[in-house]
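One structure below.
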Amino acid sequence: MDKNNSTIQIAFICENDLCKAANYVWMIISPVLLVFGLFGGFLIATALIRIRIHTSPLSLFLFILTITDVSILCVGLVRLWILETWELDIRDVSNAGCKLLHFLVYFSMQFSSWILVCVTIERFLKCRCVIYSSMVTIRRCTLAIGVVFLVLGSLNSHYFWTHGFITTQNKTTCGVQPGYETFDEWYIKVDLFILCVVPFIIMMTLDFLILRILKAARLFRQASVATSQMYNKLKKVDQRLTKMLLITNLYFLFSTLPVSIIFILKSYLNSQSETLYSVLSLIGSIVYTLQYSNYSVNCIFYTVYDKRIRRHIKQILRIAKPRYLYKKFLFNYSSYCQNGLEIFPFAASTPVYLPP
């Protein structure tokens, strides 16, 4: 879903306190989500590369998910922040940019949702299938990603001819081309199902089956594991996975469904009423930032339960300071040697180890 109001409309209608509050929501929260999402995405992507994404199907999916979510923040959230802060819509810069940005926002959001579906399917197969390693391979996962990419790309390709520059009252803005207004209203409802409803149903169904499998496995282990200490350790692993599945999917629904509903309501309500428009603007700013918060923390939900990723992220965060101190120490030591003030009994070329 994407906000498609022109700057002219906002400047003309939004003059009361509600609209100013909506504007402040965008101006304050958007940079926070953007910085958090970009920094977190960089850390997770770097950690996944160090782990070697081609060795694990889950790592491959999470890497694609991270790149997609960062793209959504750069393409969608940055535009809305600029629009609300400086009243400049970057879609109005060029006709090609108008078409491309419409396509990228809708496509990337849908692609992110269906990558989450792929992650859930991968988790289900790992719990359910004994021959998981031979069934879920990197090659097949790459093929699945390619199929999703092509299907969603084809589905959203209509933006290249249904949207573009339109001229009204001697003003040229980015919008729906004449004759495609009905189609655009219809596609908003289709997008609701592709973006939110269908992925959520699939993920919740598979999560329910995963929880049943985990429960059955826990009962089996309770009867077969010799020590209670080992059983309690395995039980904690199941509880962490259960919490991760429930939190991620409920937050996905909580963040994506409201903006879809608001978007559909706007197409039926009379936005020429200043009071109604002000209320919808405030509600819209809240639900839109809520939606983009999903893409800021999306991948974190899935990686926080992986010890390898957490370990690599900690190493990345710690790597700068030890290297800086190490180089600074060698520089000072080399200066002492060059000035004839050598105070150590070994040569300057001898490597010096500085513990982290």
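Note: Cβ is positioned from N, Cα and C throughout, glycine not excepted.
Residues or ranges marked as transmembrane segment in TrEMBL: 24-48 (among others).
Annotation comment: TrEMBL describes 40-302 as domain 'G-protein coupled receptors family 1 profile'.
Residues or ranges marked as transmembrane segment by TrEMBL: 60-83 (among others).
Per TrEMBL, transmembrane segment is recorded for 103-121 (among others).
The transmembrane segment annotation in TrEMBL covers 141-161 (among others).
Residues or ranges marked as transmembrane segment by TrEMBL: 192-214 (among others).
According to TrEMBL, the transmembrane segment annotation covers 244-265 (among others). A Cβ distance under 8 Å defines the sequence-distant neighbours of the transmembrane segment (244-265), meaning residues of its chain 6+ beyond its ends; these are 1, 113, 116, 120, 123, 188-189, 191-192, 195-196, 199-200, 203-204, 207, 210-211, 280, 283-284, 287-288, 290-291, 293-294, 297, 301-302, 304-305.
The transmembrane segment annotation in TrEMBL covers 277-305 (among others).
The list of residues near the transmembrane segment (192-214) in space but at least 6 beyond its ends in sequence, with Cβ under 8 angstroms from a Cβ of it, reads 1, 109-110, 113-114, 116-117, 120-121, 123-124, 127-128, 152, 155, 238, 241-242, 245-246, 249, 252-253, 256-257, 260-261, 263-264. Among residues of the same chain six or more beyond the transmembrane segment (141-161), those with a C-beta under 8 A of the stretch's C-beta atoms are 57, 60-61, 64, 99-100, 102-103, 106-107, 110-111, 114-115, 118, 122, 177, 183, 187, 194.
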